[in-house]
Amino acid sequence: MAAIGSFSLLRNCAVTTRAFSNVRVSPRATSCFNSIKFLHPHHSQRSLFCTNAIHDEEASAKAAAASADSGAPTIFDKIIAKEIPSSIVYEDEKVLAFRDINPQAPVHVLVIPKARDGLTTLGKAEARHGEVLGQLLYAARIVAEKEGILDGFRVVINNGPGACQSVYHLHLHVLGGRQMKWPPG
């Protein structure tokens with residue numbers, strides 16, 4: 001029934017629908033218009049996205065930002081303390097690198113400082129953090145070498161809710177194992 005209502009709504013927007021060659025309704029279709037996905041003739045099925053997922057990611061980032069400076073342990077603090085298991089790729093006295101549980105590339109490793117020391121975001125870095133910031137980048141290079149992607153990898157730092165930072169413990173994403181595109185994001 002929800003799909004019929006959604007298609008009636010689309011029929012009333014004939015100018016908009018002519019721009020699309022295919023309309024797909026999400027399997028969990030509700031009366032919500034956002035559950036309909038559009039496929040342009042030149043785009044693949046892979047290029048489809050659900051606006052609800054984007055808004056959820058943005059909402060999660062904003063919620064995480066609200067408690068960023070609370071001093072409470074982050075999930076990364078719990079991984080450092082070995083309270084939460086992780087697949088460690090590299091570790092030294094100041095840095096820990098482990099596989100992301102939601103990889104966005106064949107190789108997706110997070111590199112974090114073991115001590116937050118006020119580094120919840122890159123935007124909070126001070127001159128006194130210079131050494132650990134350098135160690136994080138050097139660890140990213142070591143990870144790339146260990147993972148066999150030294151000839152092509154990307155290092156990403158999300159800073160704040162506008163960049164959808166979801167954990168307020170500075171971290172680098174080391175991504176590789178596939179051709180990276182430009183521009184990112």
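Going from the start of the chain as shown, residues are counted 1 onward.
Cβ coordinates are placed from backbone N, Cα and C, and glycine is handled just like the others.
Note that TrEMBL annotation is computational and uncurated.
Within the model, the domain 'HIT' (75-185) carries an average pLDDT of 96. Positions annotated as domain 'HIT' by TrEMBL: 75-185.
TrEMBL lists 169-173 with the feature motif 'Histidine triad motif'. Sequence-distant contacts of the motif 'Histidine triad motif' (169-173) (same chain, at least 6 residues past either end, Cβ-Cβ under 8 Å): 74, 76-77, 100, 104, 108-113, 116, 119-122, 125, 136-137, 140, 154-158.
The local packing around H171 (active site, tele-AMP-histidine intermediate), expressed as other Cβ atoms within 10 Å of its Cβ over all shown chains, amounts to 25. Residues or ranges marked as active site, tele-AMP-histidine intermediate in TrEMBL: H171.
Under DSSP, residues within the domain 'HIT' (75-185) fall into helix, strand and coil as 32 helix, 25 strand, 54 coil.
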